[in-house]
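Visitor: Before we start, here is the structure in question, set down as structure tokens.
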Amino acid sequence: MTQYSHVKYTQSPTPSVVSGYSSASRLHSPLPPPANHRRDCLSATTKSYKYLRRLLKFNQMDFEFALWQMLYLFVAPQKVYRNFNYRKQTKSQFARDDPAFLVLLVVCLCVTSLGFAYVLGLSFWQSISFIFYVVFVDCIFVGIIIASFFWAVTNRYLRTNSLEPDIEWGYAFDVHLNAFFPPLMLLHFIQLFFYNWLISQTWFISRFLGNTFWLMGMGYYVYITFLGYNCIPHLKNTRIILIALPIIFLLFLVVTIIGWNATISFVNFYKYRVY
């Protein structure tokens, strides 16, 4: 009996092996995970916590690489998303784990908004209010809405099948930040040099140039957003995002022909918010 018991005991798998078998079978099981199985949720929470913790640790941020990304978002945005794919292979996530890009983007927003406030002749407190609106409303709050929309749509309708991993919300927000930077520089920086002496006038060339800046900015935003989701191999029909491009061009033609200067309208809107 003792020998039999010993043989029986040695043939039983160890608890760690049982746990491994259980985890493996859970991954391939068609049954839904148990209520206490929150691996993905906890992982996302942990990643978000680490990301937010690093926001004030500037010595741990790679600003040189973030500047490289900003440059290539203008000239070759495909190269930026190749790095996102590399991050997925090495760190098992598409979203950035380094907030350097976000920090530099906020700095650019503040600096260009100060220039915009100077051109508009805003007072000190109006300039502070203007910067607050641009950073926290126009960029971050609107970005949260847009990222949540694309996150929900891509996960529900654009995945090749339900077994593929979900698109991370953090990645959707990164796509928004990437797409936001070129329009920011076009509309909040380069356009300022033409506003007072040309774009703000009533001439045809004034509204044509002002509307062209908006056409380029919105075109950049749509195209970079498309690249962000098109680079993910398990998404399908991402070209539907490009439908917005001919619509934007048609709107450009219509508003230019009817005599509407989009830049002047948005400048008046900016003034209305801070007065």
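Glycine is treated like the rest: Cβ placed from N, Cα and C.
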Visitor: Tell me if LEU158 and TYR272 end up on the same side of the membrane in Swiss-Prot.
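Guide: Going by what Swiss-Prot records, TYR272 is on the opposite face of the membrane from LEU158.
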Visitor: If you check Swiss-Prot, which stretch out of 40-60, 208-228 is marked transmembrane segment?
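Guide: When 40-60, 208-228 are checked in Swiss-Prot, transmembrane segment belongs to 208-228.
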Visitor: Restricting to the topological domain 'Lumenal' (121-129), report the mean pLDDT as a whole number.
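Guide: A mean pLDDT of 94 is what the predicted model shows over the topological domain 'Lumenal' (121-129).
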Visitor: Count, for each of 100-120, 130-150, 179-199, 208-228, the Cβ pairs lying under 8 Å from the transmembrane segment (240-260), and report the range with the highest count.
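Guide: Between the stretches 100-120, 130-150, 179-199, 208-228, 208-228 has the largest tally.
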Visitor: Please indicate, using numbers and ranges, the residues of the same chain that are 6 or more beyond the topological domain 'Cytoplasmic' (151-178) and have a C-beta under 8 Å from a C-beta there.
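Guide: Same-chain contacts beyond the ends: 40, 44, 47-48, 51, 69, 73, 77, 80, 84, 93-96, 101-102, 105, 143-144, 224-225, 228-229, 232, 234-238.
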Visitor: Any residues 6+ beyond the ends of the transmembrane segment (100-120) with a Cβ under 8 Å from its own?
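Guide: Contacts of the transmembrane segment (100-120) (Cβ under 8 Å, skipping residues fewer than 6 from its ends): 55, 58, 61-63, 65-67, 69-70, 126-127, 130-131, 134-135, 139, 174, 177, 180-181, 184-185, 188-189, 192, 195-196, 267, 270-271.
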